[in-house]
Amino acid sequence: LLPHHIHHNVFTGDPRKFDPTFKGPIHNRGCTDILCCILFVLALLGYFAVGILAWSHGDPRKVIYPTDSSGQFCGQVGTPLQNKTLLFYFNILKCASPLTLLEFQCPTTQICVEECPNKFLTLVSALKNNEMNYYQNGCMGVGFQNAPTILKEGLCPAMLFPSQKFSRRCLPNLGTKPGGVIVVGENSTTFTDDSGQTRNASDLLEATKKSNIAVEARQVAMRIFEDYTQSWHWILLGLFIAMVISLIFIVLLRYLAGIMVWVMMIMVILVIGYGIFHCYMQYAHLKGTPGGNVTLRDLGLQTDFSIYLQIQQTWLAFIIILSIVEVVIIILLIFLRKRILIAIALIKEASRAIGHVMSSLFYPLLTFALLALVIAYWAVTAVFLSTSNEQIYKVFNTTQCNYSMEVCNPKTFQNSSIIEVCPDAECRFAFYGGETSYHKYLILLQFYNLFLFFWCVNFVTALGQVTLAGAFASYYWAFKKPDDIPAFPICSSLGRALRYHTGSLAFGSLILAIVQIIRVILEYLDQKLKGAQNKCARFLLSCLKCCFWCLEKCIKFINRNAYIMVAIYGKNFCTSARDAFFLLMRNILRVAVLDKVTDFLLFLGKLLIVGIVGICSFFFFSGRIQKISNDINLNYYWVPILTIVIGSYLIAHGFFSVYAMCVDTLFLCFCEDMERNDGSVERPYYMSSELHEILLKKVNL
């Protein structure tokens, strides 16, 4: 399809020339991209410094325990608040403030209590009817005098509402009259707040909803955590089964590549077809069920996700999605049937390579371990950074005061000079944050944490790619296989990558991390502009998101092939990326015919493994298997199913990524071989005779 000798141009570059000294990956090589290596090391040192700083200021207990306005944890064992496990808000109306959405905290006084109030009672009524013994359970102090003095000193709320416990918080338990009218207390639709204003009971409902934003999310998280504690051993068993199936599949590909590929394609079609049939049966079953015709829009957001499986629209959506996937796969298989034969030959060659480099199958375990370490460090640092905020108190007053809104200490405020200058001033809780330089730049530290997370994840991925590429290149360029293959190709390749090419790997990872962080910023801006009316800005933002998504895919493709060239020739990243790009451009049709079709077949293999494990886990956790499933009590049975499906895909991807990297490496080596040699005695091909036959004679590529 392309002539063997191509003239030079700016799009393809010069083809490789014959070099009798070239015998595969260069052993005598030097360090590349040293400046980027130094920059990466300095960035890691800064990352560790951010972690130490976050760990010294943050307190992850804020995620678990509610905290009062003094920063004490409600219900913490070994403290005076051990028995006071619930958080009570003095004025929950302030939870309707936008600050609640930004800080996930209510800007009002909060105290820890043993029980939530169970009746409506105002401070004036409590003083008048001698009910202060009950009322003081929601107060900060004793020695009450009169209502104005108590409210001025902020010792008690203006009123108590009947409340119910929800995620360790006391939230108003509002009633309704006939017709849906919201009432507080027995029949009152209005009440007087602590500032003397008359408010509607519906205002309480709005404030409660706002305070529930973080609370409901935490409640769902706790239920999910409970499900994990109940099913973790079954999840591990499911993941182990996925690993066994993946290994069996890889071994069968080694000896029965052609048969396994066709069996795999048929199985994928059958599994998706069964999924469509099952979804249709559920859809038909709900057709006559009361409430089954409720729409997703009417249902809204529910914390109990199993409710969505009880309406027809959910199963109809599953049917449509699976049907589209089924049709697309069938059409691709029909039109790519000839090219699939060619891809099978490449998979067979990859199977031989992996058979001679069996240690490559276990290298993904190292990649998984490193990625788990990076993810754990990022997550822990993010939690500590997000819990670094402190309770900030500021001066509030009703008259003119020069100290207004300045930071104050409630413990020493009454004895300070501010009281003498501003007699009506009060030191009240303002917000959660901080006035130090650390707190001012907290958002930048979170940004740096996320950026280094992307950089480190991309670096670990790049290290795995260049290691596998070096090992498989050693196999391809061994003229007498397996005699000329190094004894430990994976270890040799990993050692070369870390010793000489850390800078090149960091360079490619840095470029990709920059694009990924820009995409995160665009997503953030998109969320901020969702309520905006400027359609032009929304359109431009959508275009930018699409462009950077495409750019990320292109960079990943270029990086992957650049790392292969780095593993073979030991050149710097830019030179390797340029050589790989020109080599692919000179063989662009081969890329389309061989490389991408092979990737598609390997993707079907991953899809098959995920489908088998996913269907089995669905029958198990949804109660279809009566003898075993009845012993498992779950809030959301989709939690272990989704975990197993995602984990199975990652496991299958880990094994098949070895195949994919092997195919990509062999393909680039094949293109290099075609340009360097002509098959004569003086310049023989390094490819196997089987690969040479099907690629050159059968399809005349």
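From the backbone N, Cα and C atoms, a Cβ is placed for every residue, glycine too.
Automated prediction, rather than curation, is the source of TrEMBL annotations.
According to TrEMBL, the transmembrane segment annotation covers 34-55 (among others).
Annotated transmembrane segment per TrEMBL: 232-252 (among others), in sequence order.
Annotated transmembrane segment per TrEMBL: 259-277 (among others), in sequence order.
The transmembrane segment annotation in TrEMBL covers 315-336 (among others).
Among the features that TrEMBL reports, transmembrane segment is placed at 357-380 (among others). Within its own chain, the transmembrane segment (357-380) is flanked in space by residues 51, 247, 250, 449-450, 452-453, 456-457, 460-461, 463-464, 467-468, 471-472, 474-475, 485, 488-491, 650, 654-655, 657-658, 662, which lie at least six positions past its ends and keep a Cβ under 8 Å from the stretch.
Taken from TrEMBL, the feature transmembrane segment applies to 452-479 (among others).
Among the features that TrEMBL reports, transmembrane segment is placed at 500-522 (among others).
Annotated transmembrane segment per TrEMBL: 600-622 (among others), in sequence order.
The annotation transmembrane segment is assigned in TrEMBL to 634-661 (among others). Distant neighbours of the transmembrane segment (634-661): 223-224, 226-228, 230-231, 234-235, 238-239, 242-243, 246-247, 249-250, 253, 304-306, 347, 350, 354, 360-361, 363-365, 367-368, 464-465, 468-469, 472, 598-599, 602, 605-606, 609-610, 613-614, 617-618, 621-623; these residues of the same chain sit at least 6 beyond its ends, with a Cβ under 8 Å from one of its Cβ atoms.
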Two-stretch contact, the transmembrane segment (232-252) and the transmembrane segment (600-622), at least three Cβ pairs under 8 Å: yes
Cβ-based contact of the transmembrane segment (500-522) with the transmembrane segment (34-55), 3 or more pairs under 8 Å: yes
Best-contacting stretch, by C-beta pairs under 8 Å, relative to the transmembrane segment (600-622) and drawn from 34-55, 259-277, 315-336, 452-479: 259-277
Same-chain residue ranges lying at least 6 outside the transmembrane segment (452-479) that approach it to Cβ under 8 Å: 22-25, 40, 43-44, 46-47, 50, 353, 356-357, 360, 363-364, 366-367, 370-371, 374-375, 378, 485-486, 489-490, 492-494, 496-498, 501, 505-506, 508-510, 512-513, 516-517, 559-560, 563-564, 566-568, 657-658, 661-662, 664-666, 669-670, 673, 684, 686-687
Cβ-based contact of the transmembrane segment (259-277) with the transmembrane segment (34-55), 3 or more pairs under 8 Å: no
For the transmembrane segment (315-336), distant same-chain residues with Cβ under 8 A (at least six beyond the ends): 265, 268-269, 272-273, 275-276, 279-280, 282-283, 286, 309, 597, 600, 604
